[in-house]
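> According to TrEMBL, the transmembrane segment annotation covers 27-51, 58-78, 98-118, 130-150, 200-226, 238-260, 272-292. TrEMBL lists 41-290 with the feature domain 'G-protein coupled receptors family 1 profile'.
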Amino acid sequence: MNWANESSPKGFILLGFSDRPWLQMPLFVLLLVSYTITIFGNVSIMMVCILDPKLHTPMYFFLTNLSILDLCYTTSTVPHMLINICRNKKTISYGGCVAQLIIFLALGATECLLLAVMSFDRYVAICRPLRYIVIMNHWFCLRMVAFSWFTGFSNSVLQSSLTLNMPRCGRQEVDHFFCEVPALLKLSCADTRPIENELFFFSVLILLIPVTLILISYGFIAQAVLRIRSAEGRKKAFGTCGSHMVVVCLFFGTAIYMYLQPPSSTSKDWGKMVSLFYGIITPMLNPLIYSLRNKDMKEAFKRVMSITFFYKK
């Protein structure tokens, strides 16, 4: 892949909201607060899922992977954004841009697939409860997670190579906060429609297929839940799946808006705000949604905290 073209020695200039200096400080505070919450929330979920034996189930194994993914997802962009906001010249090296693009794309695609895997886990738990342990065995869960990570990084390499090989004719100013496909394509001095069509095909595979599988899974789940005679049983089933559906709607809604339309048709400021939402705000909300709406998680957190406090005493 001929990534080292005419822009590689100089890197890129990330414009962000440079034309609106009054937004710099509010944006810095928003990024710092959201990143802090993301770190604390996801690390807490990881530690509770690992330390509490009652959470050693497929559902919480997938949730641990989601927390790891969200933590890496935000770390690939937010620290550099915080540094750039404090600098007059907001730059990123060519190698840094390539790394940021590959990691951000890979983790985003992996999250799409992982959310689909989590919906399948809920489908088996509610619609096939007697066979749950047999179907969702340890090795099957590992293979599903490994498939999600491998496919996510493979998709990232393909999309990154297509994007970075476009001629830029010395253009360096990226009208965004970080290196993302739509923003980098706008630098091209050639016709981007063939590349956009190829990227659209990969985006359909990564975004629409998982969200279709999720909707099918929850269609069967809704039918099964409505057949439950006990009101308490229906409430528990919907509560278990509700958190996952909220995360799916937040993540897929914004990602589909961003990646399933031509970059030229996207308003530059609106595109930046949408990217901030699914790249930073959603990973911050995930641990809050799963912990506040999940009774087992709250009880496990109390148990871990009480054991930790007891040993300290």
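Cβ atoms are placed via backbone N, Cα and C, with glycine included.
A TrEMBL annotation is a machine prediction, not a hand-curated record.
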> Most CB pairs under 8 Å with the transmembrane segment (98-118): which of 27-51, 130-150, 200-226, 272-292?
200-226
> For the transmembrane segment (272-292), which stretch among 27-51, 130-150, 200-226, 238-260 has the most Cβ pairs under 8 A?
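Out of the listed stretches, 27-51 contacts the transmembrane segment (272-292) most.
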> Would you mind listing the long-range same-chain contacts of the transmembrane segment (200-226), meaning Cβ under 8 Å and 6+ residues beyond its ends?
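Same-chain residues near the transmembrane segment (200-226) but 6 or more away: 109, 112-113, 115-116, 119-120, 122-123, 126-127, 152, 155, 158-159, 234, 237-238, 241, 245, 248, 252, 255-256, 259-260.
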